[in-house]
Every structure is written in C-alpha cells, then in structure tokens.
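Scroll down for the structure; my scribbles are underneath it.
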C-alpha cells in the first residue's frame, strides 16, 4: 500500500487545500448535533493544514437529500461545531460552487477554513460526475481524503475529484483507519477474534465468509445468532430468523469446523413476549425458548463463555451489538461484552460500525479500547476483503 499522507507534502503554505471530511453526524429536530465523533476525528488533519499556512476548503455530505437543496441537511451546524473545536471561525458557503463561492475562495487567507454546503445537494455527487467533481475542485492544488466512512462509495468528492487536482493525499484519520485495519487483519497478533452482532446475517454474510478463512475465534450475538441456532436444529420461537439463509449458515458452520475455528453462539438468551421496552422478559437456555417469545439479548452464561474465549485473544474486532441495547432491559449482554473487550489490556481491540460505537460509548468504555472506527459500511467492506474506491485512488496516486 503506497499512500501519500498530508504530513509528507513538503509545503502547504498559501496552497488551496480541499479536504473531504465526513461530517454526517446525528442531529436533533432543532438541528443541534447530538454526537460529534466524526467532526472531532477530522480536527488533527484540519489543524495541521491551517497551522502550516494552507487555505482550507472542506466538503462533506449530510443525510440523504437526494440531489436537492433541503435546509434540514445544511452543513451549517457542523461548521459551527468545528469552529468551537478549532477555536476560530469556519466560514460557511451557501453552495458548493458558483460566483459567491468563488468570491469566498478568492478572499481566503493562509490559515482560513471554508466549509462548502452539502455535496449531496447535487445529484452529480452520488453519480460520481466528473464535471461536478471539477466544479468542486475550484482551482485547488492539493486534495486530502479524511473521510474513511464514505470511502466505500465511488462518489464525486471522493473518487472523480482526484482527476481534477494535481496532488492527492490522505489525512490523519484515514491513516489511523488503514493502519489499525492492517494491524488487525493483515498482520494480526494471534489469536484473532471477531465478534459479530446486529440483526441480520444477510448484512454480514460476505464478512462471515471472509472471516472464516482468517480468524481463530468467531463470536456471534444479536438477532443474527438465531439463524445459526436454527441451522443447528434448535427451535427459536419468534426470534428473528432469515429462513432463506439457513443453508448458508450451515455451510459457514461446517467451514469453521473444518478449519478448526472456535465458533461460539449464545447458550442462553433474554426472551420477551413482545418487542417492547416494557415487555415481560426472562432468561432461558437457547434450548428452551418459548414458541411465542422472541430473544432480544444474550444471557449471562453466554457472556461468560464469550468472555473466557476473548481473554485468550491478542487481537479483537467487534462489529454489531449483542442485543437490542437501545432498550435498557436488553442491553446487559452488549455492555458486558464492551466491558470485557475494554479490559483486554494486552490486546489490540478495534470497534467498527455505528451501533457498536454507540454501545461502547454508552457503556462508558470508549477510551479503553485501542481504536473506534468511524466507518460502518466502509469498515464492513474492508472486512469482506473489498477494495474501497476512495482508498484505491489514494494508492494509485501514491505510487
């Protein structure tokens, strides 16, 4: 892998630097940002650029405005939050290009920062339109991708734009993402354990197929576990099951067994009579799930067994919660695993995916894991062994 990083560029002074960030952060109904991890994550790259005298243009998307200018998806709240984090004004453009934007760019001084409006206000962004990309580039001399979480998309501000700007580089957030992933998957200190949770097998099918050939321990929790348990012949009541993937689950289990991989499924679970925070619930063996009840969390025997396996690991990757952690009564399994992972002092522990990130933060142990990836889909695609379009163009430019 040969990628040029921003700190390897000899001179940024007075250069017009376009930084693609990912400020696609959650907001409440009043437009207040409720979780700013991705903005915080981009600060080191932005600070480096302005401290070295660059004129910085930032671009991001927010939500899914579907190629239309919708006020609720404005980048203004993100620009305000970034101003607070940087301790300096971040100028806010009302568009992505055009005469007004040109005037703001022309007025930039070394160390200034200009935030463009939401790039997805234009259909050309998601179409990877080269004309739109070059309008965004707007005479910039250096392009920096610091948006790992969107680098699995061949979109104009991530992919096509690299043909419009002469120098192409990656930022520090991107560097961290790729470094930790390579450490975990390319040259891991073994045993290597993967924890996969979440609702459906279908969303992580390719990941599972790939991991069976790479890891030493696989732990399955969340709704997806019950497709595997049914594949093993158990009755799982009203629990979430993808019946069309039963044969696939059997094949994955067989492959894991042939390779000598420790493949752990829940032994017990917390079941409820309905999907609700105030439902009646109880803990039962996975062999005794009532026919009209559904499993919404893993039980204490499962977390104890998972914990024992994880204590043997030197590298851990976790994607997906163990249960419906948004409801307090079904969060114990997820939080228990979070505590175990956080307690692995001598292991490299990597958290990937929005729900897992939220769970680790809610459990209060975010500062005790090695790395929390900002990418959901991008992280999964790397686990699947896929090349990310946004990373591929960086590799090509770095050669």
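Every residue gets a Cβ built from N, Cα and C, even glycine.
Annotation comment: Swiss-Prot describes 22, 23, 24, 38, 61, 62, 63, 64, 120, 153 as substrate binding site. According to Swiss-Prot, the ATP binding site annotation covers 204, 326, 353, 354, 355, 356.
Structural mapping of features recorded in Swiss-Prot.
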| residue | record | CB count, 10 Å |
| --- | --- | --- |
| 22 | substrate binding site | 24 |
| 24 | substrate binding site | 21 |
| 63 | substrate binding site | 15 |
| 120 | substrate binding site | 26 |
| 204 | ATP binding site | 24 |
| 326 | ATP binding site | 14 |
| 353 | ATP binding site | 24 |
| 354 | ATP binding site | 18 |
| 355 | ATP binding site | 18 |
| 356 | ATP binding site | 28 |
Those residues of the chain, 6+ apart, with a Cβ under 8 Å from that of residue 61 (substrate binding site):
22, 24, 118, 119, 120, 125, 150, 155, 157
Just report the maximum Cα pair distance in Å for the recorded ATP binders 204, 326, 353, 354, 355, 356, no decimals.
21
Rounded Cα separation (Å) that holds between residue 326 (ATP binding site) and residue 63 (substrate binding site):
22
Whole-number Å distance between the CA of residue 353 (ATP binding site) and the CA of residue 63 (substrate binding site)?
17
Rounded to the nearest angstrom, how far is the Cα of residue 63 (substrate binding site) from the Cα of residue 355 (ATP binding site)?
17
Here's one to test understanding: among the binding-site residues 204, 354, 356, whose C-alpha is closest in space to the C-alpha of residue 63 (substrate binding site)?
354
